């Protein structure tokens, strides 16, 4: 059971509209260090919401660039030894420069190298940690029961430990699932929506980390920024699924729906 009251936030709540409007106005420069499977898709998703993505991954440049970005995403999905160096450099630079950053610990707990890397990255105080229930449970120190990048646990199952992890790390924890939960340990927001077909298009979940990083660049309250990003993602998924014949048309429609979301009151 959750130890805090859960507040539901869905599109078109006032806070979400305001945050998306501000994002489109500012077009925040978002530094993305992500896995090779989803790089192109993530860039297109960020462009669709109005952000300015930059995929700077050279270890010689990552620290310098992280300091001038509005937000940073580090996703360890296809991490290599060289990638790990880049990630630690960027995370440290963002931490020193007080740039908000998101850690997406893909498949943490399933494999040793990435699990140790994720724990090292926690030293640089991520603003937000986003993952599925199994990943969050594993990062919190329990057996998440995941199978690679997929979760075998419900997001609600992970919520109590997510709240503890938030208090321990100081990060906002975002758990993706049939219902998304966002918590700072004291406050918890639920976001419903989306569609199961979102799990059938590679990169959809990973790109949410970039969307959160973009919202962090314009909304200084990380709990609110993460909830707004998740709600925008959910409504675009819901609307796209209704007009799609399958995963191929969904991918195109999802980008369109992100782009077409109206912030007019």
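Glycine is treated like the rest: Cβ placed from N, Cα and C.
Model, not experiment: these values are computed from the prediction.
Long-range Cβ neighbours of residue 203 (substrate binding site) (same chain, at least 6 residues apart, Cβ-Cβ under 8 Å): 37, 38, 41, 42. Annotated substrate binding site per Swiss-Prot: 55, 203, in sequence order.
All chains included, 33 other C-beta atoms sit within 10 angstroms of the C-beta of residue 130 (ATP binding site). In the three-state DSSP scheme, residue 130 (ATP binding site) is classed as strand. Per Swiss-Prot, the feature ATP binding site maps to 130, 176; the stated evidence is sequence analysis.
Secondary structure at residue 176 (ATP binding site), taken from DSSP and collapsed to helix, strand or coil, is strand. Residue 130 (ATP binding site) sits 19 Å from residue 55 (substrate binding site), taking the C-alpha atoms as the reference points.
Across the structure, residue 176 (ATP binding site) and residue 55 (substrate binding site) are spaced 24 Å apart at their Cα atoms. Within the same chain, residues at least 6 positions away in sequence whose Cβ sits under 8 Å from that of residue 55 (substrate binding site) are 32, 33, 34, 39, 43.
Under the three-state DSSP scheme, residue 55 (substrate binding site) falls in the coil class.
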